[in-house]
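Enquirer: Here's a structure for you.
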Amino acid sequence: MTLSPTTADKFTFGLWTVGWTGADPFGVATRAALDPVEAVHKLSELGAYGITFHDNDLVPFDAPASERELILKNFRAALADTGLKVPMVTTNLFSHPVFKDGGFTSNDRSVRRFALSKVLRNIDLAAELGAETFVMWGGREGSEYDGSKDLAAALDRMKEGVDTAAGYIKDKGYNLRIALEPKPNEPRGDIFLPTVGHGLAFIAQLEHGDIVGLNPETGHEQMAGLNFTHGIAQALWAGKLFHIDLNGQRGIKYDQDLVFGHGDLTSAFFTVDLLENGFPGGGPKYDGPRHFDYKPSRTDGYDGVWESAKANMAMYLLLKERALAFRADPEVQEALAASGVFELGEPTLNAGETTADLLADAASFEDFDADKAAERSFAFVRLNQLAIEHLLNAR
């Protein structure tokens, strides 16, 4: 397979990624600001499918209407010239000081009303640009001090905000779905809806949960010490993997936003294996964009920025090649069977069997030899060794 990306790969980048100037809490920018039009053209040249943005990545927070219209006109022209898509749009409810205590969950009601109005206006923009997903990351929705929030009220306000936005989408007839992006902390000490599991539980309480799903990010789940592949698998199983953010992370620390695969490489391999091959026994598959949410190293100039963009796509394609070979290997299929992976796909109860039938089945309890069953070797290490050998292109 070719390692040159094409639009068929559906690789997308946030404007805030390649446009990150390198400013962080400890230092100022190391690169000049990037013109969004240049970003569109350069990403198109590199083989990307699309570009995404927060509203204020594209249009400054306090831009007058005339400036906003000019920026959008130039951006739309660049999209038309290149054919680059805008599959996802999101709203910045975290940078301006007005959002220091959150947007949807601020203790200040006037701020909540402003935040919700800002979101609704950007839903309109997302629809105008043909986006199919509207991501909500509540970076400031949380606290540092447990006594500073009525937690039930905060969740009520979060529900109110998401349901209002989802209801607006339905009322307008937009072809849009909302994807919530979990993160455990940073910038807040503790962020509401910190993991995929929290997000799924929250969605179950929504009035319009049918069009609300998740946008899990590699580093965010790994910051919480969780298995990213398990997280996206559960979201996919629940029919709620609406979007995905790929990057690299090395352990439980700050959000590193490394190039995809430059952190936990084995985890990245199994993530791509799931995205490209699906579950071993079949079931739902992800068909959305492969979105890179990372930060180019602040040690590099813009030559390094574009190299890092290419690196994300190359890493994914390399891992895709290895994952396809892994699943196609007859020895791997034999190892999967020997380890009972396919057996797990068989229902525990027989067709039509009741609990009374199960309790009456002596073979399942009275005559079951637990000691004998405990002797089974599942050979999981052998299976994983095969995966690593494929990952290293040693097979």
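One-based numbering along the chain as shown.
Cβ coordinates come from backbone N, Cα and C, glycine included.
Swiss-Prot lists H54, D57 with the feature active site. Annotation comment: Swiss-Prot describes E181, E217, D245, D293 as Mg(2+) 1 binding site, evidence class sequence analysis. Residues annotated as Mg(2+) 2 binding site in Swiss-Prot: E217, H220, D255, D257.
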Enquirer: For a quick check of packing: other C-beta atoms within 10 Å of the C-beta of H54 (active site), how many?
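Expert: Result for H54 (active site): 20 neighbouring Cβ atoms inside 10 Å.
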Enquirer: Would you identify which of the recorded positions D57, E181, D255, D257, D293 has the most other C-beta atoms lying within 10 angstroms of its C-beta?
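Expert: Sorting the candidates by Cβ neighbours within 10 Å, the top entry is D293.
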Enquirer: Residues near the Mg(2+) 2 site, E217, H220, D255, D257 excluded, by Cβ within 8 Å of the Cβ center?
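Expert: These residues sit around the Mg(2+) 2 site: K183, T218, G219, M223, D245, N247, Q249, Q256, D293.
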Enquirer: Apart from E181, E217, D245, D293, which residues in this chain have a Cβ no more than 8 Å from the mean position of the Cβ atoms of those residues at the Mg(2+) 1 site?
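Expert: Surrounding the site, in chain order, are V135, W137, N215, P216, T218, G219, H220, I244, L246, N247, H291.
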Enquirer: Measuring CA to CA, name the entry from the binding-site residues E217, D245, D293 that ends up nearest D257 (Mg(2+) 2 binding site).
Expert: D293
Enquirer: Between the Cα atoms of H54 (active site) and D293 (Mg(2+) 1 binding site), what distance do you get, rounded to the nearest Å?
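Expert: H54 (active site) and D293 (Mg(2+) 1 binding site) have their Cα atoms 12 Å apart.
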Enquirer: Mind giving me a neighbour count for D245 (Mg(2+) 1 binding site)? Other Cβ atoms within 10 Å of its Cβ, every protein chain shown.
Expert: 26
Enquirer: Taking the Cβ of H220 (Mg(2+) 2 binding site) as the centre, how many other Cβ atoms fall within a 10 Å radius?
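Expert: Around H220 (Mg(2+) 2 binding site), other Cβ atoms within 10 Å: 28.
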Enquirer: Using Cβ atoms only, which residues of the same chain lie under 8 Å from E217 (Mg(2+) 1 binding site) while being at least 6 residues apart in sequence?
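Expert: The list for E217 (Mg(2+) 1 binding site) reads E181, P182, K183, I244, D245, L246, N247, D293, given in order along the sequence.
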Enquirer: Would you identify the secondary structure of D57 (active site) according to DSSP, in three states?
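Expert: Where D57 (active site) sits, the three-state DSSP reduction gives helix.
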